[in-house]
Amino acid sequence: MVRLLLSRGANINAFDKKDRRAIHWAAYMGHIEVVKLLASHGAEVACKDKKSYTPLHAAASSGMISVVKYLLDLGVDINEPNAYGNTPLHVACYNGQDVVVNELIDCGANVNQVNEKGFAPLHFTAASRHGALCLELLVCNGADVNIKSKDGKTPLHMTAIHGRFSRSQAIIEKGAEIDCEDKNGNTPLHIAARYGHELLINTLISNRADTAKRGIHGMFPLHLAALSGFSDCCRKLLSSGFDIDTPDDFGRTCLHAAAAGGSCLFALVGSGASVNDLDERGCTPLHYAAASDTDGKCLEYLLRNDANPGIRDNQGYNAVHYASAYGHRLCLELIASETPLDVLMETSGTDILNDADVRAPVSPLHLAAYHGHHQAMEVLVQSLLDLDVRNSQGRTPLDLAAFKGHVECVDVLINQGASILVKDYTLKRTPIHAAGMLDLPMVTQSVYLNENLFILFPFLFQSFSETLFFFFYILYVVIQDVSQSLVKPVFCSQAVTGHEECVEALLQHSASFLVRDCKGRTPIHLAAACGHIGVLGGLLHAAQSVETLPVLTDNQGYTPLHWACYNGHDTCVEVLLEQEVFHKADGNSFSPLHCAVIHDNEGAAEMLIDTLGPAIVNSKDSKNRTPLHAAAFTDHVECLQLLLSHNAQVNSVDAVGKTPLMMAAENGQTNAVEVLVSSAKADLTLQDAAKNTALHLACSKGHETSALLILEKITDRNLINATNAALQTPLHVAARNGLTVVVQELLAKGASVLAVDENGYTPALACAPNKDVADCLALILATMMPVSPCTPAPTLPFSAINHYTTSPSKSVTFDSLPVLRGEHSSYCSFNNISHHDGFYKDEELNDSDSETY
């Protein structure tokens, strides 16, 4: 068939998607006659695929000795590496092809050639499942048994990783170093202990391997065996004899490791290990067992051997805290059976406020409530009398459970008598406020429990494998330290699922839906702002029980409707508009329609206009800005067109004389500019308080496209040469800002090059970087030109208006975007519109609403 194809003109060097040619496949399959035929017709015998494998690599990997011999006879490079640096000998050793290995060695292959990671063929034979004979061939032909890879591993390390017992013996007999260390200080014994290879441990110990040698982080092999739960290996290592309570670099004994690993305790305690030793974090083995032991067997064994559950770590946590944080109900029951939990908390919980050195920031109830461990909480509430215990911010366990939406925990606490009326210290919020808010995905942003919040790191054991990654992850409570700057909540603006069940449970126990926090916000505000339609519906249903619902405005004058419109929660807007109380123009003059269009929430804007009537389209805020100003400022064309279709006043001016067109031009909002000058026919002659036209403003900020759009509609030469309060024409401003195309267009439309501003500068002199340069340029031009540069320009209608004696740098004024909160607020700042997960910070809402754009 191959002959037929070749006779019909088949490309002998054609390749597949991996660049493998016919000769690669023939070599791999051992078709020697095909290989010879291809070679005789000009096939490249040393060709490479995408990973630089040659036909010799292919034949070596599959053990096709006849092809290997033929290719070697053709003179191919026997030590040619592939993309990973592996030679044919590497490949043959890895696949256990001893016949090929023997042939390659006989033909002069380098037995100590290393690949990109520093592994020699002997490393591969030590790790391979079928490499025993290959290893014998290599070591008998001069392979270095102590050669190290780039991460410091010898072939003996490789046998320890993969448990190659017989090969480890062969390597040792050839002179391998027993206690050689890799780059992390681990010997083969450490690695064998880590992976639980008991026979290999026997071999190493019988060859005098040091069982007390420290490896990574100062750990003994026994640490690693205990941590990984290999009890037989632990017994073997214990039989060699050394001080079992010797700690590693972090103060952790082998019993700490065993408690974290969940087994091997019996052998260690039986050998005399101390059950109450402390590591550097102040944790005992019982702390580790409480955090990791799901079935309670290890913890029970420790308690029966006099482990003290009342010992606190450096942060004030005892085993009860750890078991609560991880939801280990059995562990809590076992501890309670030994010592009543209320007794333990008297000496080691959050009630130790008089002890400044060791103090738990939160109680076990807080930990269980936050993580939703209702089964653990059922044990705690039976023993702990104070269910309304507060942390340093005044938050109770019920507050946390409601905040996180853990209905089962809320039910447990309420049924046991927890108060729903307790307010926190900072924002004066009750649990129903928390239920109306959001469960944040980032704990460091969502929790404002304490500035030193219960971080529980029971273990920091790190070890090694072939790629030296951590084999034991850090046991920790998902709560992390939060700095004081994150102690207060941040309001979230994303639509997420609320905690309807928690709200319902709280309302059934007479929680007030009108209670306000320190910013005057009710739970209705919070639910509307976060888009919790289910929570909002439940709260509004409860509000029907009130004969006259009061005006729901917060301290800044914003209603729930403001917040829902701002965040674009259309379903919440629809539900709120069904309530007559929200049809009144109460609250901040920066209306819900302003809020909707400023964030391009066209759906909310349309509902407002349809429900409240077209009169709201031209409503003004405290600075006389209409919703059209807001839409133009943010270039929201759909909202802009919606407002214009409902007869929005296109030439309405705000308190500083700016029209919507001026706002769009000043901020380079080209889409809005195009709509306003083309469709809406905005008046281009209007000037603001500083006598700037829209063209001045566009040029002053370097918005060339906006300036050109405006210029396209201007035919009046007087408007082209209109001056502002600093007597600057658009040509002055455009030239100063280097707008070449705009300057060219202005000149084409008759802009005066001799017009002078209040400093006596023409547009040419206005290009100078400072006054001195301008004066020098004026002197040069006066010498060169028959007409003095300082000759006054002809008087124009717009320049005849009274001028202010202000600096040119102050002739164009720019305000920032309006805000629902202060300028420094990231939540409602229109200069930095962004979304955040969480509650809003206290300091972000102290200033006036919508002060500036």
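Cβ atoms are placed via backbone N, Cα and C, with glycine included.
Just so it is clear, the model here is predicted, and its values are computed rather than measured.
Pulled from TrEMBL:
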- 1-17: repeat 'ANK' (REPEAT)
- 51-83: repeat 'ANK' (REPEAT)
- 117-150: repeat 'ANK' (REPEAT)
- 151-183: repeat 'ANK' (REPEAT)
- 184-216: repeat 'ANK' (REPEAT)
- 217-249: repeat 'ANK' (REPEAT)
- 281-314: repeat 'ANK' (REPEAT)
- 393-425: repeat 'ANK' (REPEAT)
- 556-578: repeat 'ANK' (REPEAT)
- 623-655: repeat 'ANK' (REPEAT)
- 656-678: repeat 'ANK' (REPEAT)
- 726-758: repeat 'ANK' (REPEAT)
Helix, strand and coil totals (DSSP H, G, I; E, B; other) for the repeat 'ANK' (1-17): 6 helix, 1 strand, 10 coil
Taking the repeat 'ANK' (656-678) alone, what is its mean pLDDT? 94
By a Cβ-Cβ criterion of under 8 Å, what residues six or more beyond either terminus of the repeat 'ANK' (184-216) are in contact with it? 152, 154, 156-157, 159-161, 163-165, 168-169, 172, 178, 222, 224-225, 228, 230, 232-233, 236-237, 240, 242, 246, 248, 462-465, 468, 471
By DSSP assignment, list the helix, strand and coil residue numbers for the repeat 'ANK' (726-758), in that order. 16 helix, 0 strand, 17 coil
Report, as numbers and ranges, which residues of the same chain sit near the repeat 'ANK' (217-249): CB under 8 Å and 6 or more residues beyond its ends. 187, 189-190, 192-198, 201-202, 205, 211, 255, 257-258, 260-264, 266-268, 271-274, 277, 279, 460-463, 471-472
